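All remarks here apply to the structure that follows.
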Amino acid sequence: MGSFDHFRKWVLISFMILQFADGFYLPGSFPHKYNVGDQLSVKVNSLTSIDTEIPYGYYSLPFCKPSEGVKDSAENLGELLMGDRIENSPYRFKMYTNESEIFLCKSNPLSADEFKIMKERIDEMYQVNLNLDNLPAIRYMKREGFSLQWTGYPVGIKVQDVHYVFNHLKFKVLVHKYEESNMVGVIGAGDGAELITTRDNSSSTDPPAYMVVGFEVVPCSFQHDPQLLKDVTTYGKYPTSVKCDPVTVSMAIKAGQSVTYSYEVSFVESDIKWPSRWDAYLKMEGAKVHWFSILNSLMVITFLAGIVLIIFLRTIRRDLARYEELDKEAQAQMNEDLSGWKLVVGDVFRAPENPELLCVMVADGVRILGMAVTTIFFAALGFMSPASRGALITGMLLFYMFLGVFAGYVAVWLLRTIASGDSKGWFSVSWKVACFFPGIAFLMLTTLNFLLWGSHSTGAIPFSTFLVLLLLWFCISVPLTLLGGFFGTRAPRLEYPVRTNQIAREVPAQRFPSWVLVLGAGTLPFGTLFIELFFIMSSIWLGRVYYVFGFLFVVLVLLVTVCAEVSLVLTYIHLCVEDWRWWWKSYFASGSVALYIFLYSINYLVFDLKSLSGPVSAILYLGYSLLMVMAIMLATGAVGFLSSLFFVHRLFSSVKID
């Protein structure tokens, strides 16, 4: 009877949650309630430009500093790896309290170096990214009849060779009344909880509370009168009104001249509910073109890959059906006149060159692919939304570590398959899997980080973060990979259906080098993702919000399918021309898509990242791009190789040739 009562309670709770779904939020995203007059703190992301050569971040410029000093906010591992440095700012608001002409500070006279840095930052379109209640400040403007929006605002603007600074900010905070009527309440506790109800605060005498659902900023350039600032203190009221007109500028910066900063804030009650407050950031211009382009690409690539696959399967099926229809005497006669892929029956499963390296690369590729699928899947469900800074990178690291068990298992299983059941060397292979890609990534990150440290950039990864990464690597990832390798020694291997000859068959001379086909095979997988790649690159390097994880998951599934199909076709072509060396070729047939992605990255650097200043930023960009490309090569190569392995095994299991 007690179990039935518990079941009834859970049914009632589930029903109430579904009925009031607008009050249900994912973990880590519960709204913060503010009473009227509560202080709101605005924070700043110290890394506010794609240019990694900017020294010291936001407070290296002659901006106002908080009276309590600059303090770092709590950051997770993903934020540190992405270079985000969230710090407090001098801007302070009171909930639902409009304020105007608030004097912030007056800087010291600009030195020659500060004047030079300010001009450079204005020329480089250095963006200041403020956030309130975890919402980035968004800026709206109209240009040539189009409505545009950005996150953050520029330091200033250059007009006719004169540099103007935006020294007055006009903030608008959108708020929504906090409604507890949408929250599920339970009367009672423990086993005595029988009545489930909803809270109704309509008769409550408590003062109204609000949630922040929007944060907008309008930067202005305003010339303050120095004579009126003599008796004004910080957060005091400027004696005259400040007209904030974003179209006109008046505060030109000059060496030896001070800059006065001020701001105003207004609160507007909005119909936007808290779960929908990120819609303004996610609904960017050009969304229709984005969706149409991806859908068009998916349809074309699926159509082409489907035709290739149908022709491919029909050819093999007809070949096998004709062979099976013959009687034994005719089959024996046919075996003497073998041609095409049947001629390499005694060599098709001959061990490839560097088998251990192949096992390591395939296993690491399987782990990277599993990490990508799992991360994108949870991101599509909303668990890694843009509201949770660093959650995506943190999730990727955790999934990569725990999938080490699977990577070690695949590596040892493949090694035993190639070695015909011999488990010798399983520990060495498992150790290499645990250190191969993580070691390369760690070496590249360390090298690039030395460049960042040398340029005093805020994008540099702290030394303590490197220690954390090392602990995660050797205390979690390595043991799990070795454990997976041990399980692989106990797993059944893939039995070869035919015997391998003692002497290798000579491969006939080919009309075209095989590497031409291998490199050309990567164009089709690249066609499935090059449109989506533009939005991903813009999100990483231009600070734009990326949110279409559902479409990205579809693109990933299509990419895996096309990689498998391309590798199968290329493997069959090589076998038909009596080339039995298909192992590495099947791997790089699908893995060659990474080459085209790297070339696209270079194109993106040349034509879309023109604001990068100096060789260090370009080297960092290419270094991170190379790391990304290597991960893609391992993942897509693993898909192509495993598909070809099972295909070849199935093909030669379907026909008996003595």
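Every residue, even glycine, has its Cβ placed from backbone N, Cα and C.
If you check TrEMBL, you get these features:
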type	residues	note
SIGNAL	1-23	signal peptide
TRANSMEM	291-313	transmembrane segment
TRANSMEM	366-385	transmembrane segment
TRANSMEM	391-415	transmembrane segment
TRANSMEM	435-454	transmembrane segment
TRANSMEM	466-487	transmembrane segment
TRANSMEM	515-541	transmembrane segment
TRANSMEM	547-575	transmembrane segment
TRANSMEM	587-607	transmembrane segment
TRANSMEM	619-648	transmembrane segment
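Tertiary proximity for the transmembrane segment (435-454) is limited to same-chain residues at least six positions away from its ends with a CB under 8 Å from its CB atoms, namely 52, 360-361, 364, 368, 460-461, 466, 469-470, 473, 477-478, 616, 619-620, 623-624, 626-627, 630-631, 634. It is 547-575 that, among the stretches 466-487, 547-575, 587-607, forms the most Cβ pairs under 8 Å with the transmembrane segment (366-385).
At the 8 Å Cβ cutoff, the transmembrane segment (619-648) and the transmembrane segment (391-415) share fewer than 3 close pairs (sequence separation 6 or more) and do not count as touching.
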